[in-house]
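Student: Once you've had a glance at the structure underneath, I'll fire off some questions.
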Amino acid sequence: GTPQKYDPTFKGPIYDRGCTDIVCCVLLVVAIVGYVVVGVVAWTHGDPRKVIHPTDSRGQFCGQQGTPNEPRVPRGSAAGVSPTRAVLVSPPCPPPVQICVSKCPDRYMTYLTAFGNAASLQYYRNFCTPEFKNSQKAPLEVLRDKECPAMLIPSTPLARRCFPAIQAKKGVIMVGNETTYDDGHGRRRNVTELLEGAKKANVVLETRQLAMKIFEDYTVSWYWIIIGLVIAMVASLIFIVLLRFLAGIMVWVMIVMVILVLGYGIFHCYMEYAKLKGEAGSDVSLTDLGFQTDLRVYLHLRQTWLAFLIILCVLEVVIILLLIFLRKRILIAIALIKEASRAVGHIMSSLLFPLCTFFLLCLCIAYWASTAVFLSTSNEAVYKVFNESACPFSGQTCKPETFNTSNVTKLCPDAQCLFAFYGGETAYHKYLIVLQFFNVFMFFWLANFVIALGQVTLAGAFASYYWAFKKPDDMPAFPLFSAFGRALRYHTGSLAFGSLVLAIVQVIRVTLEYLDHRLKAAENKFAKFLLSCLKCCFWCLEKFIKFLNRNAYIMIAIYGTNFCTSARNAFFLLMRNIIRVAVLDKVTDFLFFLGKLLIVGSVGILAFFFFTHRIKLVQDTAPPLNYYWVPILTVIVGSYLIAHGFFSVYGMCVDTLFLCFLEDLERNDGSAEKPYFMSQNLRKLLKKTNKGQPDA
């Protein structure tokens, strides 16, 4: 590309600009209108209760207002076993009959034994279909017509369904304190036969217990978690304020602190590893132990601490080697950070702007998620003919309202019209997958647009700082709001263009991931290899487009050109300074990463010592917990998000100043007619001067 030439009229971000990429702006508006229409249609036809609440064999919700099962508690199945198999079963295999009951069965019982006892039969009727009225009907006829289950098994309610109450006592599998049960046909069976059917239910039960314990931990530690996040926020603010005045010292202190934190981690892991030597069970390998819901078990294994020790040692060595080889470039990065600190100091509102971006992203996620749920529940209940004997109508759709008067019951007396699944044959139902694809695509497009809007706003504000010859006197009164207004008024189309390109690549990546998931069981190695190559290529393409878009938005904020022109100019400018880009930009990113690591590591270590009762001054203040890692991980993740929010503003500031700096070097030469706009410190570092101006 051709280097930028001197323009005597250029004094920073151009205010007299016109609208760019109008076609993309119109396309975005049309797409948003279509997205709203899709959402309205989905909310009209969808019903999230289909996902949340169970149904009986007629597809009617259990215990919901306005349904035939309204008076009943939404739990239960007729057989007392896992009803998860009873909904999506393809014909001709008949599904087990599901009914809504007030509570799950709590005892073993068969219909044959209950038939001769009035009290038992009265209890048993709670688990029969609503059509069962004749208590004197022969038991074999009742079982043949599936009006009552052949047996009841002690069950536990979970997710509004009844699961066998399987438990292990001293290695013996039992259900309701029994090891065998009557199957309703006079045969005794071992309860282990129920394990296969309830295997997934047991995983759900264990997960539920884990979730309940985690919830309990949150209820007793939430205020301490908030305090930890506030500490992280204060630490981030203090760190940024100190960077403004003591950037050089803070960077080197930060580097030393990170090395010391990692060193302490290595020491702590080694001490734990050495302490477990000789203890019973500590030499068990992680593969032999397998997955455990109680994660504290892993902390009693030497192999766990050895793995932590190796990871921290590798990380420590890598960081030290990088610092040795990049030590000369760190000084230039410090100068950029100092300049960014001054820019942020003059535009303090920029630190709060990520909250606006976060709020808009939350709106995009909420709209996408709700639309996806309503679209996925837009199907209608489909009923099919189920018959245990030969029947020409088996598997065909039917209507329960007219089934008893149809020819099917005449030709197949034992046929039943039962709920099979949710589906539909209308044009709307046929194109549901297209609407879901459109929903995903629009989510990526709008999310990328929101991020782009935040980037171009910050870039415009920080560019106005750099191109102010007398800082901050020549800056506009409200640079952030001015940049935001210019972005929305003139460059909505350009932002839509850049985010559209990125959204297309991301949708392709999601499609490839879906295909990879579907082909996991396939034996075609060439297809798997080709898919892996495509995934890798599109991952690299997405990273490149994000990098190019970010710099294109900076050029849009400065010059007001369209997306393609801005992307081309930014790309050629960076290619003309490829060494500076590769070193300075990445060194700065690395230093920001160390800053996040220091804040997150410090707050995480503080949380670890507090919640594990290792700080004697507040030992009695820390709440008792089931899993102390729950609040610790929450504090660590929250601290990272907070630090990332603050440092993302700094990152955008450094990138903007860096591009402006490169433009300044190409446009100007330091003469009286073409003076440099860069700060005095940058001129000293690069040994540049403005003629006629003192650099003292």
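Any Cβ shown, glycine's included, is placed from N, Cα and C.
Since this is a predicted model, take the numbers as computed values, not measurements.
The following feature annotations were taken from TrEMBL:
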type: REGION; residues: 55-79; note: region 'Disordered'
type: TRANSMEM; residues: 21-43; note: transmembrane segment
type: TRANSMEM; residues: 222-242; note: transmembrane segment
type: TRANSMEM; residues: 249-267; note: transmembrane segment
type: TRANSMEM; residues: 305-326; note: transmembrane segment
type: TRANSMEM; residues: 347-369; note: transmembrane segment
type: TRANSMEM; residues: 442-467; note: transmembrane segment
type: TRANSMEM; residues: 488-508; note: transmembrane segment
type: TRANSMEM; residues: 552-575; note: transmembrane segment
type: TRANSMEM; residues: 587-611; note: transmembrane segment
type: TRANSMEM; residues: 627-647; note: transmembrane segment
Student: With a cut-off of 8 Å between Cβ atoms, can you find at least three pairs linking the transmembrane segment (552-575) to the transmembrane segment (488-508)? Only pairs 6 or more residues apart in sequence count.
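Tutor: Yes; at least 3 Cβ pairs under 8 Å.
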Student: Determine which residues of the chain contact the transmembrane segment (21-43) at the Cβ level, with the cut-off under 8 Å and only residues 6 or more beyond its ends counted.
Tutor: 367, 370-371, 374-375, 378, 428, 435, 438-439, 442, 445-446, 449, 491-494, 496-497, 500, 562-563
Student: Relative to the transmembrane segment (305-326), which of 222-242, 249-267, 347-369, 488-508 accounts for the most Cβ pairs at distances under 8 Å?
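Tutor: Per the Cβ count, the answer is 249-267.
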